Amino acid sequence: MNTALHRLLLLLLLVLPWAAQAGDAADYAKASPAKQARLLESWAAAPAPERLPLIEALRANRVAIDQNKTPFIEENGAYRALEGDAEPVGTPKKLRLNNRLRGLLNTALASHQLFAEDPAQRLAAAKRLQRSGQPEQLELLQQRLDVEEDAAVSEALTLALANLQLTASDPAVRLAAVRLLGETGAPLARVRLENLLADEAETDAAVRKAAETSLAQVKRKLLIGELLGQAFSGLSLGSILLLAALGLAITFGLLGVINMAHGEMLMLGAYTTYMVQVLMARLAPEALAFYPLVALPVAFFVTAAIGMALERTVIRHLYGRPLETLLATWGISLILIQLVRVLFGAQNVEVANPGWLSGGLQVLPNLVLPYNRMVIIGFALFVVLLTWLLLNKTRLGLNVRAVTQNRNMAACCGVPTGRIDMMAFGLGSGIAGLGGVALSQIGNVGPDLGQSYIIDSFLVVVLGGVGQLAGSIFAAFGLGIANKILEPQIGAVLGKILILALIILFIQKRPQGLFALKGRVID
Amino acid sequence: MNQPLTLTAAQKAGPKATVIALGLALAVLVAMPLLHLLPAEHALHVSAYTLTLVGKILCYAIVALALDLVWGYAGLLSLGHGLFFALGGYAMGMYLMRQSAGDGLPAFMSFLAWNELPWYWYGTSSFLWAMCLVVLVPGVLAFVFGFFAFRSRIKGVYFSIMTQALTFAGMLLFFRNETGFGGNNGFTDFKTILGFSISAPATRATLFLATVALLTGSLYLGFRLARSKFGRVLTALRDAENRLMFCGYDPRGYKLFIWTLSAVLCGLAGALYVPQVGIINPSEMAPTQSIEAAVWVALGGRGTLIGPLLGAGLVNGMKSWFTVAFPEYWLFALGALFIVVTLYLPKGVIGLIKRRGE
């Protein structure tokens, strides 16, 4: 029986491509919807390369028939015969698709694309067949799997095949399919296995047992993927918090003042990126892909200049009055936000990811690491390294550390504290500007951008303590990861509240933060 | 500096002038609701809009006074007073929602397809219990937060940031529909209070008078506190906490008391604000609102008790005018106000008046 079926299918495979040339399009055009569906099913089971244009045209709704039911393809308003070189008689009418036909069409297209040159296209086709494969395609899938060379594609094909085999009548085939599903660890496999186990769909005891083991296996693999995903998004959030808080920690450690306009430096950095993108699209479109790299130094200098100007004009006059500084910088932040709103509009502006930052790396079936986030984690660490070098290996850094530890003593030793304050304020603002460039690549760029990060970055500073880079790093990544681990368990809002409560409790133990500067200070 | 500024200012200007100015202001405030009761076509009639606006500003003035007690005297800049204000308002709002819903559930709950009231709504149909909540919720929250904060000697900007994070967390919590306080729409559409229609002139006038009474009472309490030994200790605490401790005082109790008192005052102000304005929603807890309260105090003059009232009136009056005349430029004006006040008016308007007097 089985061999007979095989032979029949093989025969069909041999015959069908030849039959295709005898006017697939004409057959389809003349058929009733029910017959069209059957035609599509047979095409899906036995793909032929010549048929691809027809299927694509059908899918794009570009096939029309004239009064003689001759099929034509519509191109920019003109009609061209699909087979032969007939001229349309009368105005051709578009062939209509219903939902069932559209689904079958997609399946047929997918099985044709399994033959594509591009592995990405084959992968997409195999993935589509995982969902919508038809029992008739079993043979085809088996055949493609045997010749497939690309590992990712053959994995996807295996899954599609196993999906189909679950419906086979032979328990042995089903058992093999269940085992195969267990090895993949794909979210879809879990759904299939659960369906199989639910409502007594599977009657064979051995298959049921195997399905249970496979399900446990898949769940474990999915859990690993999920945990890794949470850890990654925690790292990603942590690196963003780090970029936002690093500059704040420097200025707070140095001057003892909280710069409420710090978030707006992030926002200005993001808007600078937008401006660079617009200018490069106009002046140097061929290098547009590298605009974030160009934006980095521009954003740094723009925000550093603004920061230094603020220090000179406002903050300088408020030394020794930290609470007033907080209010004054809040006023500055209001003005900056409104200024951006007036200049650029209250709507978000569009900052597009260049090609090399979009997409992601598929590590596990349910774990994709986006390139932009990976780059930002690396970038944050790079900025930390630069800051460390600047603070520890340069004259400026030496002076900054001296003023942070003891302002009066540093001044007595000839450190120009006023100049150092200005430079450090510029540095802190510049780092925030760099953070703004990074933020523009993963989120919306609007006038309120900075507001959403400011409280979190304060918490980083409070938790980490001032004057030490290590404190900020630990606090930023700790908060980021804690946030992302708590989020799926108890929701984002409750997670935030819990973290706030934990910070308050933590400060009971260590009022100076994780890494306090050693020394005796008394007011 | 060691003596509350008001005292020295009052001594300079002579007690007579201060008393006359305060008396005049009080007379005007008491007259307003009475004039509102006049028929609408009467020349001296005060419109409902004006009365609501002034009532709202008076509620804000109480917040400013409460903030002055902690910031001006104890040196604790709270950026989270909006939370206590809103909590008092929400407690009052719960009662008002129950009033307008009758025996049924408040409208927003039926909208969420809830069948029964959450436990914390228990008893809110009683006015007395709602009033207890108005005092208890902000009071207990402030007490617990203050207990932990002062125990570990969090002060200065650290304290400000923690309070800001606190109100931010509260805002996020109340924005959620599941929290059971109407989500981002909050409470609105109130109908009656204690059986009286909320939009009736007599009710409005009564609420207004209650606000004036609360303001006068808080001001009196503030003066008494400032003049007492307690007030002196607070001022010492602000200026040199360590020296005070070396003198054998434990600052925690002082801080905790004034902090909790201030929160309760804010809660009461919120409770009077809600029936007058007719809405409460989580945006009252936004950090922006609380920090704006700090500028009222700074503009009026910290540690002067009268100054913050002036500041609240000036800033909110300006806001009402600006948002109608030049809505685009209000934030510029407010931002500039923050900077100008901190740079050039460290003692606020009161300080300016005092200098003019000399």
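Yeah, the Cβs are placed from backbone N, Cα and C, and that goes for glycine too.
What TrEMBL annotates here:
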type	residues	note
TRANSMEM	B:20-39	transmembrane segment
TRANSMEM	B:46-67	transmembrane segment
TRANSMEM	B:73-92	transmembrane segment
TRANSMEM	B:127-150	transmembrane segment
TRANSMEM	B:157-175	transmembrane segment
TRANSMEM	B:205-223	transmembrane segment
TRANSMEM	B:256-274	transmembrane segment
TRANSMEM	B:329-346	transmembrane segment
Do the transmembrane segment (B:73-92) and the transmembrane segment (B:20-39) share at least 3 Cβ pairs under 8 Å, sequence separation 6 or more? no
Within this structure, do the transmembrane segment (B:256-274) and the transmembrane segment (B:205-223) have 3 or more Cβ pairs under 8 angstroms, counting pairs 6 or more apart in sequence? yes
Best-contacting stretch, by C-beta pairs under 8 Å, relative to the transmembrane segment (B:46-67) and drawn from B:20-39, B:157-175, B:256-274, B:329-346: B:256-274
Near the transmembrane segment (B:256-274) in space but 6 or more residues beyond its ends, with Cβ under 8 Å, are 55-56, 59-60, 62-63, 65-67, 69-70, 73-74, 76, 78, 81, 84-93, 96, 131, 134-135, 137-139, 141-143, 146-147, 150, 187, 190, 207, 210-211, 214, 218, 225, 230, 234, 280, 284
